[in-house]
Amino acid sequence: MFRSFSTAAKQAVKGTYVQRAIVGGAAVVGIGASTMLYADSLTADAMTAAEHGLHAPGYGWSHNGPLETFDHSSIRRGYQVYREVCAACHSLDRVAWRTMVGVSHTNAEVRAMAEEFEYDDEPDDQGNPKKRPGKLADYVPGPYPNEQAARAANQGALPPDLSLIVKARHGGPDYIFALLTGYPEEPPAGVVLPPGANYNPYFPGGSIAMGRVLFDDLVEYEDGTPATTSQMAKDVTTFLHWCSEPEHDERKRLGLKAMIVLSSLYLLSVWVKKFKWASIKSRKIVFNPPKK
């Protein structure tokens, strides 16, 4: 009896040592992982503004409010800037012509714009390829047939597609506007740029293949708006923001409707609760003891 008790005690003590060893090992691993993460965070914080790019200031965009929508006149002007300036190098592969109808242009205007381009059609009976005018269902064509042609025309640099550029960059429209208007006359002293590169403090590393493209009176707006550099940058940024979020206005409308409906249902539920429970919560129970 004594021997069996001693064996059980030894096993219990051994199990305790094993548990302590596991807990100690887990603690060591946790401390090591925390130390590595802390060291990595210090390394990330050591990145300079020149390496990461100057942080773009915040601008008061008219569509930033919870109930504000896009300035559709600005979208129309922004498309004009894209067509006359940006379309020479950048594409809008994910934007269909039909999405512009009722947003920035009329149905007839968009049809006319689409018909200015030719798209591949089904081959004829002899198997020869054919071309056809663009339709509303087509997507905005790019300036180059493939990536190799784009790089060859831009000294090896690949101009990014602008369909989702606002959502794909930290800072969104603020970054795009700051980049377009942030080219200085000369790079700062001590900055050495590769051949063919341009200096822009908002671009990571400061060296960018794209030079300044917006200058005062570069385009002539249809509505007579003065085409200053900042105005063109604002308009094309608004247009690109719409390209990234074409559902922006509709989403806010649905959100407002949902808030109204949910608020009404909440107030109705409060009234029903008070109506149903008022008599129950305010009732009094009187106990009359029997007379002897």
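Yeah, the Cβs are placed from backbone N, Cα and C, and that goes for glycine too.
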Given Swiss-Prot lists Cys86, Cys89, His90 for heme c, the same-site residue among Met36, Met210: Met210
Long-range neighbours of the transmembrane segment (254-272), counting only residues six or more past its ends (CB under 8 A): 66-67
Counts by DSSP class (helix H/G/I, strand E/B, coil) across the topological domain 'Mitochondrial matrix' (273-292): 10 helix, 0 strand, 10 coil
